[in-house]
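Colleague: Just dropping this structure here.
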Amino acid sequence: MEIDNQTWVREFILLGLSSDWCTQISLFSLFLVTYLMTVLGNCLIVLLIRLDSRLHTPMYFFLTNLSLVDVSYATSVVPQLLAHFLAEHKAIPFQSCAAQLFFSLALGGIEFVLLAVMAYDRHVAVSDRLRYSAIMHGGLCARLAITSWVSGSINSLVQTAITFQLPMCTNKFIDHISCELLAVVRLACVDTSSNEAAIMVSSIVLLMTPFCLVLLSYIRIISTILKIQSREGRKKAFHTCASHLTVVALCYGTTIFTYIQPHSGPSVLQEKLISVFYAIVMPLLNPVIYSLRNKEVKGAWHKLLEKFSGLTSKLGT
C-alpha cells in the first residue's frame, strides 16, 4: 500500500512564473489580451481563407490546419495558466495534468509535421510550377494533413503513457507554467534515463525528421531560385516562401533548444520562458507573419474590409 501511495498522485501544484501577487496580476492582464488576440487572429485567418475563393489552394489549406493547431495549443495551456494567476491554491488534478501534457505534445508534434508538409508544398510551387495543381491535388493534401494529425497524436499518447507510469513519490510540485514533459519527468523518484532516452528518440523522429525534410525542401527551393534569370522572378519566388521560412525558424529553433539535449539543455527558467513563447507568442505571431508578408492574404483582407464597409454604408442609409 505504501508503494501505491507513492506511485499515484491525486494532484500537482504548478509553481508558475512568479509568486508575487502584483506580478501575477500584470501577467494575467498581458496573457489574457494576448490569448484573445491569438484566438481572434487565427479564427479570422481561417474565416478569410474560407470566404475568399482565391485562397482555396493547398498552401492555404495547410495554413488553415496550422491556425487550428495554434488556437488549440494556446487553449490547452493559457486558460489554466490564467486561472492559476488568480487562484491561491494553484493545483491541477492528475487527470487534467495528463490531458494537458497529451494535447500540448500532440499539437506541438502536429505543427512540426505540418511545417514540413508546407515546405514540400512550397518546393513544388517553386520548382515544378506547371505541374503544381496536378501534384498537390486535394486527395494528397488531405492525406498529408491527416498524417500530420495522426503522427503527432500517436507520439503524444505514447509519451504521456510512459511519463505518467513513473512513480512520483510525495513530490507534487511542478516548477513550470504547465504540465510540460521534462518538468513532469523530473518529479519521478526513480532513474529516468530511459524516459529521457525515449524523449530523445521521439524528438529525433518527430522533430528532426521533419526539420531535415524542411532543410531538404529549402535547399532545392534555393537551387531553383538561383537558376531564375530575372531579379523580379527571384524576388517573387523568395516571397512565396518567406512567411513559412520565418515561422519554421521560430518554431523549430525554440523546440530543438529545449528537447534535443535534456541533460545539458536549458535551465528551468529558460524552459518556462520558452514555453511562454511557444504557447502565447508563437500562436499570435503566425497569423501576423502570414498576413504581413503575403500579398494574397493582404489582398483578401482588403477585399473583405471593402465588402464590410460597403455593407455598413448600406445599413447606415
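Glycine is no exception: its Cβ is also placed from the backbone N, Cα and C atoms.
On a predicted model such as this, the values are computed, not experimentally measured, just so you know.
According to Swiss-Prot, the protein has these features:
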DISULFID  Cys97-Cys189  disulfide bond
CARBOHYD  Asn5  N-linked glycosylation site
TOPO_DOM  1-25  topological domain 'Extracellular'
TOPO_DOM  50-57  topological domain 'Cytoplasmic'
TOPO_DOM  80-100  topological domain 'Extracellular'
TOPO_DOM  121-139  topological domain 'Cytoplasmic'
TOPO_DOM  159-195  topological domain 'Extracellular'
TOPO_DOM  220-236  topological domain 'Cytoplasmic'
TOPO_DOM  260-272  topological domain 'Extracellular'
TOPO_DOM  293-317  topological domain 'Cytoplasmic'
TRANSMEM  26-49  transmembrane segment
TRANSMEM  58-79  transmembrane segment
TRANSMEM  101-120  transmembrane segment
TRANSMEM  140-158  transmembrane segment
TRANSMEM  196-219  transmembrane segment
TRANSMEM  237-259  transmembrane segment
TRANSMEM  273-292  transmembrane segment
Colleague: What does DSSP call Cys189 (disulfide bond) in the simple three-state scheme?
Modeller: coil
Colleague: Would the transmembrane segment (196-219) and the transmembrane segment (101-120) count as touching if the test is at least 3 Cβ pairs under 8 Å, pairs 6 or more apart?
Modeller: yes
Colleague: At a 10 A cut-off on CB-CB distances, which of the disulfide-bonded residues Cys97, Cys189 has the highest count?
Modeller: Cys97
Colleague: Six or more residues out from either end of the topological domain 'Cytoplasmic' (50-57), which same-chain residues have a Cβ under 8 Å from its Cβ atoms?
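Modeller: Hits for the topological domain 'Cytoplasmic' (50-57): 64, 296-297, 299-300, 303-304.
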Colleague: Counting a contact as 3 or more Cβ pairs under 8 Å, with residues at least 6 apart in sequence, do the transmembrane segment (237-259) and the transmembrane segment (26-49) touch?
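Modeller: Checked: the transmembrane segment (237-259) vs the transmembrane segment (26-49), no contact.
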Colleague: Which listed range (101-120, 140-158, 273-292) shows the maximal number of Cβ pairs under 8 Å with respect to the transmembrane segment (26-49)?
Modeller: 273-292
Colleague: Quickly jot the same-chain residues contacting the topological domain 'Extracellular' (80-100) by Cβ under 8 Å, restricted to those at least six beyond its ends, or write none.
Modeller: 8-16, 24-25, 27-28, 31-32, 35, 160, 164, 174, 177-179, 184, 279
Colleague: Would you kindly list the residues that approach the topological domain 'Cytoplasmic' (220-236) from elsewhere in its chain, counting only those six or more residues past its ends and only Cβ-Cβ distances under 8 Å?
Modeller: 122-123, 126-127
Colleague: Under a three-state reading of DSSP, tell me whether Cys97 (disulfide bond) is helix, strand or coil.
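Modeller: Its secondary structure by DSSP: helix.
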